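What TrEMBL annotates here:
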type     : residues : note
DOMAIN   : 41-265   : domain 'G-protein coupled receptors family 1 profile'
TRANSMEM : 20-47    : transmembrane segment
TRANSMEM : 59-86    : transmembrane segment
TRANSMEM : 98-120   : transmembrane segment
TRANSMEM : 132-154  : transmembrane segment
TRANSMEM : 197-221  : transmembrane segment
TRANSMEM : 241-260  : transmembrane segment
Amino acid sequence: MENYNKTVSSRFFLLGLPTLLHLEVLGSLLLVVIYIITLLGNGLLLITVRISPILHTPMYFFLCNLSLIDICLSSTIVPIILINTVSTDKSISVGGCIFQMFFSLVFGVAECLLLSVMAYDRFVAICRPLHYSSIMNIRFCVILAVTPWIVGVINSSTQVPLTWRLPFCKSHHINHFFCEVPPLLKLSCKDPWLNEVAAFVAAGIFVFWSFPLTFISYVYIIRTILKIRSSQGRQAAFSTCTSHITVVTLYYGALMFMYLQPSSS
């Protein structure tokens, strides 16, 4: 391509969800309900923990951080989906696309790392109960909670500028329901090898570090729980992990569904 700067458009078009009218209406209603439940559920958790001194523990501190990330992540993506679904104008400005891409990466990475932090917290609580208070002190908990946010910002500050340095001259129709790096790379008329390397390195650092850490933590947790002689003791110990296990399963299940599918037309 000769003149890359002439290929820059002020708007992109999100193809995303099905175009059939009855599916758009049904999908919009479902998204609204899920979004409202997400905001109310996570908001209620934040308020409850804030006003209940008995819940001022490391576990609920990390849960509050996870709730805040969920609120921010869904608010970054869902409103744009709803607007583009019910509107005839499916476009999004370049500035809006950059904003959405940057913050969705921040919150996505932060959630991935925070889940491994929460697994470590459960590991210390169950496998090192006598040392829990000294290990999970306030200063260490704040460091563990802030680090995922910092790493998420650093990752986005790397990935987003690299993406938007590319010339998008193949098309301006993004085959996705929000602005994300992989669909945009397909629109570039320049080889995005540097972007692919950066994305691969980021995935290796975040996902393939976070998931094994979570998995190893639960191997030790389950082994410790099985050593408890009392069935009530085993049930009580395991009950503190069930909500986190559910979130981890949903999170990584969604990641695998979205990104590990074989390519097709």
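Keep in mind that glycine also has a Cβ here, set from the backbone N, Cα and C atoms.
The listed stretches are 59-86, 98-120, 132-154, 197-221; of these, 59-86 has the most Cβ pairs under 8 Å to the transmembrane segment (20-47). The domain 'G-protein coupled receptors family 1 profile' (41-265) scores a mean pLDDT of 85 in the predicted structure. For the transmembrane segment (132-154), the neighbouring stretch richest in Cβ pairs under 8 Å, chosen from 59-86, 98-120, 197-221, is 98-120.
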